[in-house]
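Notes follow the structure.
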Amino acid sequence: MEDETQNLCNPIALLLSSLGYSYVLATYMTKGLTRVLFLLPTFYLLTIFPWYFTSSLLRGVLSFFITWITSFKLLLFCFNQGPLAACKNYIDFVAIAIFPLKIQENTHLHLTLSLSFKTLSSIMARYELVTLFNKPYLATSLQDFWGRRWNRLSSNILRQTIYEPTQNVLVGFVGVGKARILAMITTLVISGIMHELMFYYISCGTRPTWEVTWFFVLQGISMVFEGALKYLARVKGWTPVHPTVSNVLTLAFVSFTFSCFLVLPV
């Protein structure tokens, strides 16, 4: 029992110390690539952190929240962007980095050397959970489903780290419309790769078969066709599809492709 407790404490202590390193040292570095280089040890730790645990399910959860989301939050932090850039103390930094939390407005954290129930209550009251799902069963389009309703935590972090930077880089070369399309496809590819990585942790390092990635690529391509069809409908003056019909079609497409690319291979 003592060995199990020690085995659990070691990776957690390593995670907390690496985030402390990121918070204290990196804030003195110039934002940009310099800060990214100084945070490379932390990024490496986040990739190996799930392997400290024997449970496949726990590795999957940790690979999502720690290996993926925390890494992307730190990447934004390197450029003074994202939720970590607004953290004013170490406790806020760790809480926001690890958990799906955000700091409530008009709240202040007063740190003391003694921990009491009142202190812990004030700390907990400072944060609120990020809404992960916004009634995805009501989605009336693929863009609505993936962009505004399904897993808001990952979609928001992907928008900030992948979609917006890619669109900003490409818009000067290919124009606004094509830049949006390429940025969306790129974002869905990265999302697929990160989901593939989660399955890699869950399956104890089994070689990826890439069905998960192709699932998200297909969603991106389908969203492009969906947007083109809506544009054509507006130009031609066609009667819009009833929301109930579009809701059924959206959920049917997502469910069918999910079954083909994820459920059956697994």
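These residue numbers are counts, starting from 1, taken along the chain as shown.
Glycine is treated like the rest: Cβ placed from N, Cα and C.
Averaged over the domain 'Wax synthase' (131-217), the predicted model has a pLDDT of 92. According to TrEMBL, the feature domain 'Wax synthase' maps to 131-217.
Among the features that TrEMBL reports, transmembrane segment is placed at 12-29 (among others). For the transmembrane segment (12-29), same-chain residues at least 6 beyond its ends with a Cβ under 8 Å from one of its own Cβ atoms are 35, 38-39, 41-42, 45-46, 49, 66, 74, 77-78, 87, 90, 93-94, 97-98.
Residues annotated as transmembrane segment in TrEMBL: 36-54 (among others). If you look at the transmembrane segment (36-54), the same-chain residues 6 or more away from its ends with a CB under 8 A from one of its CBs are 7, 10-11, 14-15, 18-19, 21-22, 25-26, 29, 60, 62-63, 66-67, 70-71, 74-75, 78, 201.
What TrEMBL records for 60-79 (among others) is transmembrane segment.
What TrEMBL records for 214-233 (among others) is transmembrane segment.
As annotated by TrEMBL, transmembrane segment applies to 245-264 (among others).
Sequence-distant contacts of the transmembrane segment (60-79) (same chain, at least 6 residues past either end, Cβ-Cβ under 8 Å): 15, 22, 26, 31-33, 35-36, 39, 42-43, 46-47, 49-50, 53, 85, 96-100, 153-154, 157-158, 160-161, 194, 197-202. Long-range contacts of the transmembrane segment (245-264) within its own chain (CB-CB distance under 8 A, at least 6 residues past either end) are made by residues 137-142, 144-145, 211-212, 214-215, 218-219, 222.
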